[in-house]
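Trainee: Heads up, here are the entries from TrEMBL:
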- 7-212: domain 'Neurotransmitter-gated ion-channel ligand-binding' (DOMAIN)
- 214-238: transmembrane segment (TRANSMEM)
- 245-267: transmembrane segment (TRANSMEM)
- 279-300: transmembrane segment (TRANSMEM)
- 362-440: region 'Disordered' (REGION)
- 362-380: compositional bias 'Acidic residues' (COMPBIAS)
- 399-408: compositional bias 'Low complexity' (COMPBIAS)
- 413-432: compositional bias 'Acidic residues' (COMPBIAS)
Amino acid sequence: QRRSHAEDRLFKRLFSGYNRWSRPVPNTSDVVIVRFGLSIAQLIDVDEKNQMMTTNVWLKQEWSDYKLRWDPAEYDNVTSIRVPSEMIWIPDIVLYNNADGEFAVTHMTKARLFWDGTVTWVPPAIYKSSCSIDVTFFPFDQQNCKMKFGSWTYDKAKIDLENMDHHVDLRDYWESGEWAIINAVSTYTSKKYDCCSEIYPDITFYFVIRRLPLFYTINLIIPCLLISCLTVLVFYLPSDCGEKITLCISVLLSLTVFLLLITEIIPSTSLVIPLIGEYLLFTMIFVTLSIIITVFVLNVHHRSPSTHAMPRWVRSFFLDAVPRWLFMRRPPALPVPPEGTAGQYGRPGARLSTSRCWLETDVDDKWEEEEEEEEEEEEEGKTYPGHPVESQESQFHYGKASRGSASSKGKEEEEEEEEEEEEEKEDEEEEGSERGVALSPRILKALEGVQYIADHLRAEDADFSV
């Protein structure tokens, strides 16, 4: 009770006739020295698009007020008291580079008075300061933001600032999940502004913060790389597959979505383009080129000699120039077999048969295999006088394969006699065709092409039948 009574007497004595509007100096020419410091409690947010840094800080201010001194012995050894900040003089220190919100402290907490006239005031505040964001290396970027504090109305001749510490107090800092404070220092500067002739002091706190890239690496960079790798698989798909263009367009749309996501994060400025944005842009260009190349490849793949003719420059480019660049050699031409000899699947004979059936192939249609087997079985059960045994050499003469019309075991004898007569005539023609006309290499190549086209058409017919 005695101490409470002493504080009551002290309050009455200190604030009776106290003017909180005048500077606490005995002479008007004296300067009030304000020791200023900053303690950061939390880095709330860094808005890259609006280029703002939101922080929760404590402003540590200390000055001397000669009108608030007393002798502790007269007041029951009371050395300090807490008073509302609205009752005493306080410096009008504000945040110069404020971007949004209040420039000055809004929550007026109590100040602590000491017996020697020292006043300590530590108000909390949430500031949104302007910060120039450089997103060149996003999301592996590092930013340098500052907070500039100074008196709004008093010049250096009235109030001078002094650094309490040359760094920001991080003892009460709550770690952020997106940013890490690398360094935080303070500097004292004086500046003359265009509006006034006086010099105004200020204390600037510099925050070097680095982004934690794990979130963006997992959710942005790795998916972009994986989607970009899918572009290579487009050229691995066969041309007959109808999903080549679909895959290219899907990759292009996915990269477009990621690019839109990045544009919502980075600031709308033309001064700097982030590297990841350039990467996505060039990847989209490459995907577009792959679509163009795929369309060209599909167009060439589905061409045929019946609809298109190969230009001379295409032949010279792909058959002459490209093999030289790739160190490829053209395979040697197949040797021309002697007259009257040809393997079952080798080159055709070098002589053209003079018989009426001059185009003969060793590859038959699937639909005629069963019919031929039946004919062979019937021929094995019959003997014809004077019928020569066909050799393997005579199987590849270019003439149409002589196939007799299919006959069954239940036919009449007259039909059998007619069939025997036809076979005897064909045997005579084959004996005459062995004395065929010699073919030139160009005709042989043409015949090879005809045989290849016929085989290809038969294979396509077989695929369609399946």
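Every residue, even glycine, has its Cβ placed from backbone N, Cα and C.
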Trainee: State the non-local partners of the transmembrane segment (279-300) in its own chain: residues 6+ outside its ends, Cβ under 8 Å from one of its Cβ atoms.
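Mentor: Sequence-remote neighbours of the transmembrane segment (279-300) are 224, 228, 231, 234-235, 239, 244-245, 248-249, 251-252, 255-256, 258-259, 262.
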Trainee: Express the predicted model's confidence over the domain 'Neurotransmitter-gated ion-channel ligand-binding' (7-212) as a mean pLDDT, rounded to an integer.
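Mentor: When the pLDDT values over the domain 'Neurotransmitter-gated ion-channel ligand-binding' (7-212) are averaged, the result is 90.
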Trainee: Excluding the flanking five residues on each side, which residues at least 6 beyond the ends of the transmembrane segment (245-267) place their CB within less than 8 Å of a CB in that stretch?
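Mentor: 48-51, 133, 135, 138, 220, 223-224, 227-228, 230-231, 233-234, 237, 274, 276-277, 280-281, 283-284, 287-288, 290-291, 294-295, 298.
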